[in-house]
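Per TrEMBL, the features are:
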{"type": "BINDING", "residues": "Cys1, Cys22", "note": "[2Fe-2S] cluster 1 binding site"}
{"type": "BINDING", "residues": "Cys62, Cys65, Cys97, Cys99", "note": "[2Fe-2S] cluster 2 binding site"}
{"type": "DOMAIN", "residues": "148-333", "note": "domain 'FAD-binding PCMH-type'"}
{"type": "BINDING", "residues": "Val176, Val177, Val178, Gly179, Asn180, Thr181, Glu182, Val183, Phe256, Asp279, Leu323, Lys341", "note": "FAD binding site"}
{"type": "BINDING", "residues": "Gln681, Phe712, Arg826, Ala993", "note": "Mo-molybdopterin binding site"}
{"type": "BINDING", "residues": "Glu716, Arg794, Phe828, Thr924", "note": "substrate binding site"}
{"type": "ACT_SITE", "residues": "Glu1175", "note": "active site, proton acceptor"}
Amino acid sequence: CTVMLSRYQPHTQRLHYAVNACLAPLCSLHLVAVTTVEGIGSVARKLHPVQERIARAHGSQCGFCTPGIVMSMYALLRNNPTPKMADVEEAFHGNLCRCTGYRPILEGYKTFTLGGCCGDRGRDNGCCMASGNGESLTKGQRSGSLRFHGERAVWLQPNSLDEFLRLKWEHPNARVVVGNTEVGIEVKFKNMVYLVILAPAFVPELNSVTHSEEGIVFGAACTLSHMGAVLREAVETLPLHQTKVFLAVLEQLRWFAGMQIRNVAAVGGNIMTASPISDLNPVFMATGCKLTLMDKDGSRVVQMDDGFFTGYRKTILRPQEVLVSIEIPYSQKTQFVSSFKQSPRREDDISTVTAAMSVTFAPGSDVVEDLRLSYGGMAATTVLAKETAYRLLGRRWGEELLQEACSSLAEEMTLDPSAPGGMVTYRRTLTLSLFYKFYLTVLQKLRKQKVQPDSLSATEIYHPETPSSVQIYQAVPEGWSKDDMVGRPMMHLSALKQATGEAVYCDDVPLYENELYMALVTSSKAHANILSIDTSAAERSPGVACCVFADDIPGSNATGPIQYDESVLAHRQVTCVGHIIGAVVADTQIHAQRAARAVRIRYEELQPVVTIQEAIAAQSFYQPIRTIQKGDLEWGFKQADHILEGEMHIGGQEHFYLETNVTLAVPRGEDGEMELFVSTQSASKTQALVAKALGVPANRVVVRVKRMGGGFGGKESRSTLLSTVTAVAANKLRRPVRCMLDRDEDMLISGGRHPYYGKYKVGFLSSGKVVALDVSYYSNVGNSMDLSLSVMERTLFHMENSYSVPNIRGRGFLCRTNLPSNTAFRGFGGPQGMMVAENWINDIAQSLGKPAEEVRRLNLYVHGQSTPYNQVLDHITLDRCWEECMSRSRYQERRAAINLHNSQNRWTKRGLAIIPTKFGISFTAVFLNQAGALVHIYTDGSVLLTHGGTEMGQGLHTKMVQVASRVLGIPCSKIHISETSTNTVPNTSPTAASASSDLNGAAVQNACEILMKRLEPYKTKNPKGSWEDWVKSAYFDRVNLSANGFYKTPDIGYDFESNSGRVFNYFSYGVACSEVEIDCLTGAHKNLSTTIVMDVGQSLNPAIDIGQVEGGFMQGLGLFTLEELHYSPKGVLLTRGPGSYKIPAFGDIPTHLTVSLLRDASNDKAIFASKAVGEPPLFLAASVFYAIKDAISAARTESGISGPFRLDSPASAERIRNVCSDRFTKLVRKFVQKFVHVG
């Protein structure tokens, strides 16, 4: 939601800055110009270079995030026409993308840093600085006092300090807002209501910056961006000894939120919010910053110390007082200052622990004269470790002081086992680790004692290296027809529209005249009987049309994608938090949501089952329990030289599609007809379930899908939760009803990837050859079956990954829990199955002391071997992928370099891992392996193409146009796909299982071949004629120029009872090698390098396929190293939104990324010798996980610990740090954690 604001700052030039539109109050925009993505260029007029380059660099897939990224780059260029690459990367700290993997976005925008931009020198030739600058600003005009009255709040904007102080005296409980980055979140997501808001952003004194004898004084309304700029200038101009405090502040600002937040957030707001995990308050406290407080009767100056914060989110300020300024002091010659921030994700993330430390020595010595150690994240407020500091006064800075400090900190910085935020052991360990980093940094700067060379890396400040990348694919042969686009890196057909904001998504459909908005009423209990529902307050709320509950459903309340074991609306009982009970329909979104919150429900709570362990204990399982067995397990274990047992948890994952679930239902007024615009991967299933709920035949319901802003499996079945309720509401009122879920609602309701628990017993020879495996998988299914049985079946089909195991048994247990039903997610159970396989192969290597790559290579499948489900592998390319990956990654050379690095560095360790994947392509439900297409040729020669697949960013429509173009022999420009709809192609399978290009491509080919056969006589008759000539001739000869195409995958089908049949049409193969570096003291890691070799057959479109490989890899990187869903013991999802749930960001991509599509790998089982590409690459991110595990092994070896060890997924900073056992972890007492990782 990034837009650019422009305004004149007092006494400064015009300022352009990127902001989050969703957090910028309209009231704050007086005398401010707003530029959106539509305002800088369009497909119809002229594209701005910023829009064009992201599209042509293949940096837009689903396109929902593209406008925000475009505007972040545009705002940067308006201020800095020739930025450095580091500036570009910093500009994107506040932007996220779930599709592309970020690499092509950076590649496209790198051109602006290499002379690609004229730098404002070409204004006469359509320069971007001269076009699209529609801001109407008046220089020197100052805002007067403003007053805005809303439905529930008053906005008061003073224009002088006296007026501000008077208003605060009159309204002591009013909230003061400058950037709205805190209050905006509270109002939107915490339902806070503030009757009076004071907005002093334009008060001159609060924006001033002055230099005093003791430091720099910043007005409290100074933005963090402005403060950073002033401090950077001071660092460049002042002597080094004076700027150490400034450098500590700047270090925290580097990782403080994103640019959009820093551009509006005020330093005073950061202080007064009094967050216990503030990034900046520890620095201000440790360095003794002075605060000026005022009310209308006078002022006072206080030092920011441990007395300033009086409790959680409380300060010493009286209600009528305001913070006017903060003085950040110059440092002294013998003073040393450092600041630290540790968070799950490095950029734009909330801190786990922050710290700032300042030590001042007696002149000419290393004797401590003053010491302040300030921590955030260790109490309800920012705290000083006063006891530790007091003990160290007068001590020399050396090993004895270190020992004393660590022992004292371990004693002083305690946390209750049930402390909010969890991670108690980790947080307490960080207090020691961060002090040790400070100790070494100061020791190094004192130059009186040398820091051991192997410890120097602990003092290094992280500065990201600009990413570099290589993409390798096989070009089409010379002489290939220019009109035949198959095999060429053609741009996504919607990329330009997406980059200009002109692409139409579901919620972009214009409002109908009598349209209403719906908000859901959901359960706050995980398992309970509903005793009563009181809607009286909701019905009295402004704008409310009606409430909708189960009794309003005209058809059946039973629903579900396979089994009807769910309800459209809960009746009598709820079985998860987020269970939809009803809905409120009103004239606007705000009115509907406000009224929905006013519905009061009384419950009788029942005992919930939340985790896999609880389900196992309660024997809470769905049936059936699936088993695949081959060979003689007992005999296999007898043959084994060694037997090893282990277990592993794999956490769930939120889809985090950028476009949340949305439906617009439009009753058509007769015969029960209804038209739905839905963001769904499964138009036909939506049609069927809506018809069932409405009690009408499916032929009365039309579902239309233009495009989705991402899906990843999350909109395969769970999108019907919203669509059915919206349709029921529209049917009741006979008016159009729209609903788009907020992010927190979507995450709460829709479920995600299944958490798994795997237990295994593996038998192997001393050579490392695996001879027997017994593995059991437990998945956290949730409160309904959904697609979970099929997910578990695919897990079992991938339980051996790419390794031949002659004697094997796999069992799958479906745990019934009181969580929202988990569902399809890219990989569909395959990644969980393969992850456990890689864990036991890794354990084998560690237990034998052999290199892991040797054990993996030894066990790889070869041509002609059969899988546990008795499918013979032919056309296997695993060995080719493996050897090319080993070669391109320079594996042995890199391994030697890593060994050298690890021998020379105690506190940073590097790791390396190479991981294969084998992914079966087909729906495991045989009937879904079919597709249809409809092709119309119009008399002007243009072609309208429709097929059963939906576009969610994966480029399916683009590939289908390429297929049709080749078969019809016409340019792609003559072919158009409008949408997917149930009234053009019926009974479609979901766009899922990576099979959509195969299935729909073959159906499109079939339809086009039928048409070409009909046109053949006219081509023969007029061989020199044009396409248009042949079409017109056929039309005048009354030939049908419309054709249906159909395809079904041949010769597949499998029976679990007999373990026979052919599960998959073919397999996609790939291998990835990754190198990482971990910080043993904090658990943070850097992704240094990844090389991927992927077999995609003969690529239909290398640009799209490489985009899918990179995007899938990054999504897997999130799954295995970063993304964590936290639930309370009562089943409440605690990570609901980007503030607490972290997907990979721009800074998480490997510094060096190589993607190679395997050459000469034709596949005779799919369209034009191609292969599926959507899901297979995701698991290759496990190479990062096992590289981390390799690095941890090096750290543990240094601590004298060897052999296999357990590391659950994701490999978060907390898990990495806790398993890197050292003297600091041993000082920290054990505890019981409050939060549970649902496994």
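Glycine too: its Cβ is placed from the backbone N, Cα and C atoms.
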Largest separation between Cα atoms (Å) of residues that the record links to substrate, namely Glu716, Arg794, Phe828, Thr924:
16
Fewest-neighbour residue among recorded positions, criterion Cβ within 10 Å, set Glu182, Glu716, Glu1175:
Glu182
Inter-residue C-alpha distance, Glu716 (substrate binding site) and Gln681 (Mo-molybdopterin binding site) (nearest angstrom):
5
Cβ-Cβ neighbours of Asn180 (FAD binding site) (radius 10 Å):
26
Could you check which of the binding-site residues Glu182, Gln681, Arg794, Arg826 is the closest Cα neighbour of Cys97 ([2Fe-2S] cluster 2 binding site)?
Arg826
If you count, for each of the binding-site residues Cys65, Val176, the other Cβ atoms lying within 10 Å of its Cβ, which residue has the minimum?
Val176
Measure from the CA atom of Asn180 (FAD binding site) to the CA atom of Cys22 ([2Fe-2S] cluster 1 binding site) and give the result in Å, rounded to a whole number.
10
Just to confirm: which same-chain residues, 6+ apart in sequence, have a Cβ under 8 Å from the Cβ of Phe828 (substrate binding site)?
Gly713, Leu787, Ser790, Val791, Arg794, Ala992, Ala993, Glu1175
If one measures from the C-alpha of Arg826 (Mo-molybdopterin binding site) to the C-alpha of Cys99 ([2Fe-2S] cluster 2 binding site), what distance in angstrom results, rounded to a whole number?
12
Between Glu182 (FAD binding site) and Phe712 (Mo-molybdopterin binding site), what C-alpha distance do you get in Å?
31
Cα-Cα distance linking Phe712 (Mo-molybdopterin binding site) and Cys99 ([2Fe-2S] cluster 2 binding site), given in Å to the nearest integer:
9
Which has the fewest other CB atoms in a 10 Å radius around its CB: Phe256, Phe712, the listed binding-site residues?
Phe256
Calculate the distance in Å between the alpha carbons (Cα) of Phe712 (Mo-molybdopterin binding site) and Phe256 (FAD binding site), and round it to a whole number.
30
Leu323 (FAD binding site): tally of other CB atoms within 10 A of its CB:
23
Separation of alpha carbons, Gln681 (Mo-molybdopterin binding site) and Cys65 ([2Fe-2S] cluster 2 binding site) (Å):
19
With the cut-off set at 10 Å between Cβ atoms, which of these binding-site residues ends up with the most neighbours? Options: Cys22, Cys97, Val178, Ala993.
Cys97
Average model confidence [pLDDT] within the domain 'FAD-binding PCMH-type' (148-333):
95
Work through the binding-site residues one by one (Cys1, Cys62, Gln681, Thr924) and name whichever has its CA nearest to the CA of Val178 (FAD binding site).
Cys1
Same chain, not part of Cys62, Cys65, Cys97, Cys99: whose C-beta falls within 8 angstroms of the C-beta centre of the [2Fe-2S] cluster 2 site? Give them in sequence order.
Ser60, Gln61, Gly63, Phe64, Thr66, Arg98, Thr100, Leu658, Gly709, Gly710, Gly953
Least buried of the binding-site residues Gln681, Thr924, going by other Cβ atoms within 10 Å?
Thr924
